[in-house]
């Protein structure tokens, strides 16, 4: 074996050769574009290349190729280490959340699996079950972070998959097996594929549910807090101002959930195979039969900690990550988990994504330093007031689908506020634009996994390859939701929002405050 062959085999491991060559071409091309043609073009190429690594997540985890591209971008001067650090520190709460909250949810898996297994066994209608997942995710995301909600549902779905896979492989419920190996399930491949399709649809319904609920409240998404702070809105006023857009969108989103399940389109409609239902029902009975007082106490303790988790997040008693750390401490202490190796397993899911998110912040720093969104922002602000709402909504949605939601919302709300202080727009127009920015950032961005952090977390989780959920599959399955949420949101911003805002103001429900 030659040195070149050995190097090429080592580079990005078992990834396809065409993929390795693509990354090498990107690494050669970017400095040439940056130094000889245009930093602006080089910046946009980097963004497209990073999206490519996300799209190929099942070929190679995006951390390595994306990290190489980001490292090179910093090395050639497209951004600086100081700026990357500033972007990381600005989103440090999100990193804390990933480090501790996802690990905390791991230790509540027993309670979650118990509760959702009962739901899955009791509710036989796929449409009702899909609505249950979508609505519960929307409700939870209105008060909790969407990443936390998705982490909970991933944990549950992983539990379902693991139970069936063990039995289908000829093992018992308590046996330790490799759930990534399907060699022993050859005779049940059709059942397994149908089960995977069933789980994919539940995950997508829940994922979209987090967007439907997260846009409605002050605490639903990180960018909501930024927008509310700039507009001087409290919890109640934020909800009322968003309602003319978010309520019609929620209703239409739920109708979409029912229709796509009923019509068996866009990868939805597959029901839970009867054989899998039987295994899960048997698992539920076995768990109840062997449940002694100690096991019941563990469920009660996890339930109490779950109440603390919801209350702590809803009332912002501490940073999300710190509440997650408290969940780790409380569940492990009172459920008797003291082994370092067992505790270490809880961090396996979140830390690779945490590292990937830091790489993503490097790309965001390049977007800012190279002013990649500058022409779009200038065009929107130069438009007439009558078209500004639509343009703000539309371009926020477009940019949020390829970049960080928090970054896009921050840039646009700051530009809108600068225009207000410069006398370019009125206070009333600024308040309408704030709603357009918030809804535009949150709703159309369900189109792609990199549009929503929760979707990106799902795509790069260990569950995604198990249920065959790729980037392309997520985009395809999200398409009906993307169309409905975007169009209904756009129509609501244009035709319902201005009149409803005036009506709420006349009732005294909202007040225009100087900002």
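Positions of Cβ are set from backbone N, Cα and C atoms, glycine also.
Swiss-Prot has this to say about the protein:
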| type | residues | note |
| --- | --- | --- |
| TRANSMEM | 23-43 | transmembrane segment |
| TRANSMEM | 44-64 | transmembrane segment |
| TRANSMEM | 88-108 | transmembrane segment |
| TRANSMEM | 119-139 | transmembrane segment |
| TRANSMEM | 143-163 | transmembrane segment |
| TRANSMEM | 202-222 | transmembrane segment |
| TRANSMEM | 238-258 | transmembrane segment |
| TRANSMEM | 324-344 | transmembrane segment |
| TRANSMEM | 357-377 | transmembrane segment |
| TRANSMEM | 389-409 | transmembrane segment |
| TRANSMEM | 447-467 | transmembrane segment |
| TRANSMEM | 477-497 | transmembrane segment |
Criterion met for the transmembrane segment (238-258) and the transmembrane segment (324-344) (at least three Cβ pairs under 8 Å): no
Criterion met for the transmembrane segment (357-377) and the transmembrane segment (88-108) (at least three Cβ pairs under 8 Å): yes
Region pair the transmembrane segment (447-467) / the transmembrane segment (23-43), three or more CB pairs under 8 Å: no
Of 44-64, 324-344, 389-409, 477-497, whichever stretch has the most CB pairs under 8 A to the transmembrane segment (88-108): 324-344
Annotated stretches the transmembrane segment (477-497) and the transmembrane segment (202-222) touching (3 or more Cβ pairs under 8 Å): yes
Same-chain residues near the transmembrane segment (143-163), Cβ under 8 Å, at least 6 residues beyond its ends: 94, 97-98, 101-102, 105-106, 108-109, 112-113, 116-117, 120, 133, 137, 173, 179, 195, 199, 202-203, 206-207, 210-211, 214, 217, 219-222, 279-280, 283, 309-310, 313-314, 320, 324, 349-350, 452-455, 457-458, 461-463, 466-467
Tertiary contacts of the transmembrane segment (23-43) (same chain, 6+ residues out, Cβ under 8 Å): 11-12, 49, 53, 65, 68-69, 72-73, 76-78, 366-367, 370-372
